[in-house]
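Here's what TrEMBL has on this protein:
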- 1-20: compositional bias 'Basic and acidic residues' (COMPBIAS)
- 264-338: domain 'U-box' (DOMAIN)
- 1-24: region 'Disordered' (REGION)
- 398-440: repeat 'ARM' (REPEAT)
- 480-522: repeat 'ARM' (REPEAT)
Amino acid sequence: MAMERERELGNESNESTRSEEEYDPVAEVQQVIESVVQFGDYRRTQRRECHNLVRRFKLMLPILEELRDLPQPFPKIGVAWLVKFKDALLFAKDLLKLCSQGSKIHLSLETEGIMVTFQKVYEKLSQAFDGVPCDELGISDEVKEQLDLMHVQLRRARRRTDTQDIELAMDMMVVFSEEDDRNSDSAIIERLAKKLELHSVEDLNIETMAIRNLAAERKGQQIESTKRIIELLNKFKHIAGMEETSVLDDPVAPKMLERCTSLVIPHEFLCPITLEIMTDPVIIASGQTYERESIDKWFRTNHNTCPKTRQPLQHMSLAPNCALRSLIEEWCVNNKFKLPKKYDSAQESSSVDSKEEIPALVESLGSIHLEEQRKAVEKIRMLSKENAENRVLVADRGGIPPLVQLLSYPDSKIQEHAVTALLNLSIDEGNKRLISKEGAIPAIIEVLENGSVVAKENSAATLFSLSMLDEIKEIVGQSNGMSPLVNLLKNGTIRGKKDAVTALFNLSLNHANKGRAIRAGIVTPLLQLLKDVNLGMIDEALSILLLLVSNSEGRHEIGQLTFIETLVEFMREGTPKNKECAASVLLELCSNNSSFTLAALQFGVYEHLMEIKQSGTNRAQRKAMAILELIAKSEQI
């Protein structure tokens, strides 16, 4: 494919059938950029990275306008460079199209691979800007500066891509793991459906088409992967109340669905300046239509020409294009396309301000003045929450070591801001290790034990975020982090309990931490969660208990008669999810000790197992049948 494209582009550059006046290489490059920004919304897992790339495309437009004014025809070396540039843009366009129209499930599975492709895109674009024949083209010093700046930005972008959604990555890992018993957990499936925006009938129909296209492209290859993607799609359909299908054998979907999978914004709806869909289109003296804010900005910078045609304007008056606005609004309604929020120039200036402000703020973290420190750490907390670039910049400027030091500061507000800033910074995968290397874990645990209510909650959330790395799970356990988490689970606010239970679940995936959690007294508050229906954490408690019963200490602590009776009660009266989790825990207990099986029979479990076998969830049915087999074996003995 790439070789064919190179040959095609090479042929384009050497066309002899077209006159030099007809062939406009700058216009062709501009057409590629215009076609890119017509794509609709991007898949959630790559949305930020796509928007960043498209934003860089738009920054190239003013440079292209300058190139357009240069004397033509271009020299051969100039045409060759534009062909190379166009090749890089087409490579980027293919990626953006995939992220706009591809299967959401497939894209979330291939997040790391897609990020590598984004890096390759930036590498190709950077290489294109590395060899601009400025002198041969007669490019002015001003445009040279713009090209150099763009080159620097592309090199920087090549080294960094956005971070994954931690919870999404964990959930995907669970549902696609054959060994993890939670791969049919309906709570995780529901959470995934919401995160991937696959919870409506329309969303799922469109995803069905995307998966069908994916299977066709694979041509019988990667069958196992395709099968697992379809299985997850059917789980989403089941939750949405739709009929589960084989996808590949379905009749061809209506034409409407085909249009939905490749939604393209009509070219006439895009502002020629920003290439964004217009929300307030206005007509200028040349008869061309622009977004009001964009053309206002053009006029304010002392231009008196039409940006598109370059012809001088007799006046600068603007007339609302009501007819086009109505067409845009009608198209948006028919295609369920949300108009973007109005551009806020303050946001852009805010981003620039952040880059200038962060180094000074990091320096202020070490100030001898308490108020200056407090203001600096609070500001870094807010900036690190805003976007990935700020999180990387704070770390690059050396902000993590002083933030870790501030965790031990006696001022409670500074402590709270510092631990929350570290929580925000830990979203970046690279920052996790930096935070751990600075010895932050014991200090975070100290705040978890003695900090304010909010600081304790955010400390638990930080430990969860950091413990996505397996080596940090062990560090938290060795640093006596399980006990204060258990205390928060026992005595914290509702939010505190939820932060604690999430962190404890993740940490208990480490074998040694299971014993540590049990010795810290985790069983009692977990059993309390089972009794308090209003907290809504029954499934979370049962999920942790399922991890703990694989440990001999856990079985000894948990396997009391009262707990067996509680499990049987959930299997009788609980929600389908409750029954599923309770049956899983009971199976683990019964598989290791036949006395648990006898105890469950005394509490009437047999009748409930038969009912679950007939009408429970798929996973619950499997667990129920396995327990019934154990009962049958025990009777034979």
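The backbone N, Cα and C atoms fix where each Cβ goes, glycine too.
A Cβ distance under 8 Å defines the sequence-distant neighbours of the repeat 'ARM' (398-440), meaning residues of its chain 6+ beyond its ends; these are 163-164, 166, 358, 361-362, 365-366, 370, 373-374, 377-378, 380-381, 384-385, 388, 391-392, 446-447, 451-452, 454-455, 458-459, 461-462, 465-466, 468-469, 471-472, 475. Across the repeat 'ARM' (398-440), mean pLDDT in this model comes to 89. The residues of the repeat 'ARM' (398-440), classed with DSSP into helix (H, G, I), strand (E, B) and coil, number 31 helix, 0 strand, 12 coil.
With DSSP classes pooled into helix, strand and coil, the tally for the repeat 'ARM' (480-522) is 33 helix, 0 strand, 10 coil.
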